[in-house]
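S.K.: Sharing a structure, written as structure tokens. Questions coming.
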Amino acid sequence: MIKNLVVIESPNKVKTLKQYLPSDEFEIVSTVGHIREMVYKNFGFDENTYTPIWEDWTKNKQKNPKQKHLLSKFEIIKSIKAKASDAQNIFLASDPDREGEAISWHVYDLLDQKDKAKCKRITFNEITKKAVVDALKQPRNIDLNWVESQFARQILDRMIGFRLSRLLNSYLQAKSAGRVQSVALRFLEEREKEIAKFVPRFWWTVDVLLNKENNQKVVCANKSIPLVLREINPELSASLKLDFEAAENVSGIDFLNEASATRFANQLTGEYEVYFIDEPKIYYSSPNPVYTTASLQKDAINKLGWSSKKVTMVAQRLYEGISVNGKQTALISYPRTDSIRISNQFQSECEKYIEKEFGSHYLADKNKLKRHKKDEKIIQDAHEGIHPTYITITPNDLKNGVKRDEFLLYRLIWIRTVASLMADAKTSRTIVRFINQKNKFYTSSKSLLFDGYQRLYEEIKPNTKDELYIDLSKLKIGDKFSFEKISVNEHKTNPPPRYTQASLIEELEKSNIGRPSTYNTMASVNLERGYANLVNRFFYITELGEKVNNELSKHFGNVINKEFTKKMEKSLDEIAENKVNYQEFLKQFWTNFKSDVKLAENSIQKVKKEKELVERDCPKCNQPLVYRYTKRGNEKFVGCSDFPKCKYSEFSNPKPKLTLETLDELCPECNNKLVKRRTKFNAKKTFIGCSNFPNCRFIKKDNAAEFKQ
């Protein structure tokens, strides 16, 4: 007899939870993710009731070929049902979001009626003993509003994704479209258009560098003193006929052509005299709040150089628990959240740590602490922001005890969390003004008065040597400095940058598109489909991606756009809050969407017949050549229109031949000639092997240790 059965979705959590729940009272089992899916037939829902149609679990006996070590869904469900029948209490403890709520509902729905009465739903935002024990003390019923919101999202994605994917596959040989992925693709295409139509503005500046010494007094220890031109002598400007701009929003003088800048620079001679020193101005820099999913993705991608997928994977490991000094420990709170809230208890623990390690003067002013505020955007399921589970476990404690990736991401999260509750940094900025032949210049000196939260970033912050510090105690009005260098420099405005994975996620979040659980796929799915490539971390849309976006925009512009997707996310939130009936919502959308699809099918079918001809014939069968796309969709090539009867093809970047040259030397095993070949996976590496491969697998001894056929 099992006293308490705890059902979770991830097998990786089992080991962590077992430390907190005594084995004689609790048994923990995992669903290994979603326990059942909608059927694929008819998009997986009933068109009369708009309810999901679930697959028959008794027939799902096939194992995932990539995870053969795991049980099939049939075996998992059968095991859970058997254990549930033998249990006194059943705690459904899947993740604290809508996906997790749906997983718990599926387990509940599959149980025998007598076992359903034993079920209670529990959630915890972090896997610590206190959080788990507290959750067991506060069980609740499954929130059917959350479940229905997840149903609606799943059906909506099927409605849009399946129908559009079929159209694209038949017309463009493109693999898929989707409610959110296609909006992300549209962002990429719109940015390409902005770049294409961008016209740069050119201007020139006259930049002066002064020697850092004045009468053998070094006033600037780390570098020369750079001056910014602020005002030109009117008489000089008139005599030289200078073309320049000194707009209010420009800090210096912009010359409109190089000739004017050069004429002015040639007039600058002699010494530069200090004529005024402004009163210092005090500036305060506040720390950022704790991480959300989107801000963690952005920072980890930018600072660690990771992909969005990697950030998600490592964060999940830290949440579920890893081995720390031989003990399984969950290190961070739930990593899928759009909240910046933290509990009062955790805040108190952090403040005690800060006071102990740095002193009470490093604590943030209570009146200035940024509290969690709800704006128009709904914070999904009232999670906390991402933070360490134990603030006393510092990054240094983990440095040599966990994987490098786990350490780096934990360090980002730990520093951001502690810094969010520390005092502002305080900086003084003083403007020093110089004059030369009635032309006025200035420079600014910065000095850090109190480091505050920035103290935590000393080890990982960028180099700040470029910041200018002038020892004002050694400087007075009337001091004169000689120039070290005067230069004329060209500048131009740059086009908007292409998106990186980080900036795309940031843009999608700003537009209220997607949810924390989907940010990873939103950034990566267009790469996987061949609609875009990453070059030096920037997205470049492919020709196929352009065609897909153009067709979707042409026929489904009312669906594949930012405002519609934002509206859909809001509707899903309203379903979760019991403000909207999910079946009525789906019915209204499906009725309108089907008519759009019908119109698009007629239009696309007409275009489909018009193949893109190359205007020459196949050299093998004399049929016309046409343009095609590779299976992945990211490479265009020339192929025969009579495919598959004729398989002739031409690639603009053909794969290098593996065989480089035939040698005079014979194979000692089969007497065929030896050849020099490239390795299959690295074209730069070569080896010598038998030309009779694969019948003969001889490799010359010098290479045998490195290459195996």
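Every residue gets a Cβ built from N, Cα and C, even glycine.
Pulled the feature table from Swiss-Prot, pasting it below:
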ACT_SITE  TYR334  active site, O-(5'-phospho-DNA)-tyrosine intermediate
BINDING   GLU9, ASP95  Mg(2+) binding site
DOMAIN    3-127  domain 'Toprim'
DOMAIN    143-598  domain 'Topo IA-type catalytic'
SITE      HIS34  site 'Interaction with DNA'
SITE      ARG153  site 'Interaction with DNA'
SITE      ASP157  site 'Interaction with DNA'
SITE      ARG336  site 'Interaction with DNA'
SITE      ARG529  site 'Interaction with DNA'
ZN_FING   618-646  zinc finger
ZN_FING   667-696  zinc finger
S.K.: Which numbers of helix, strand and coil residues does DSSP report for the zinc finger (667-696)?
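M.R.: Per-class counts: 0 helix, 11 strand, 19 coil.
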S.K.: Please list residues from the chain of ASP95 (Mg(2+) binding site) whose Cβ is under 8 angstroms from its Cβ, counting only those at least six apart in sequence.
M.R.: GLU9, ILE103, THR123, TYR334, ARG336
S.K.: In Å, rounded, how far does the Cα of ASP157 (site 'Interaction with DNA') sit from the Cα of HIS34 (site 'Interaction with DNA')?
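M.R.: Counting only the Cα atoms, the answer is 16 Å.
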S.K.: Show which residues of the chain containing HIS34 (site 'Interaction with DNA'), separated from it by at least 6 in sequence, have their CB under 8 Å from its CB.
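M.R.: Once residues fewer than 6 apart are set aside, HIS34 (site 'Interaction with DNA') is near GLU9, GLU99, ALA102, ILE103, HIS106.
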S.K.: Given the recorded positions GLU9, ASP157, and counting only Cβ atoms in the protein chains shown, which has the most within 10 Å of its Cβ?
M.R.: GLU9
S.K.: For ARG153 (site 'Interaction with DNA'), which residues of its chain lie six or more apart in sequence with Cβ-Cβ distance below 8 Å?
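M.R.: Sequence-distant Cβ neighbours: ARG98, LEU572.
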S.K.: With every protein chain in view, how many other Cβ atoms are within 10 Å of the Cβ of TYR334 (active site, O-(5'-phospho-DNA)-tyrosine intermediate)?
M.R.: 26
S.K.: Could you please provide the mean pLDDT value for the zinc finger (618-646)?
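M.R.: A mean pLDDT of 83 is what the model gives the zinc finger (618-646).
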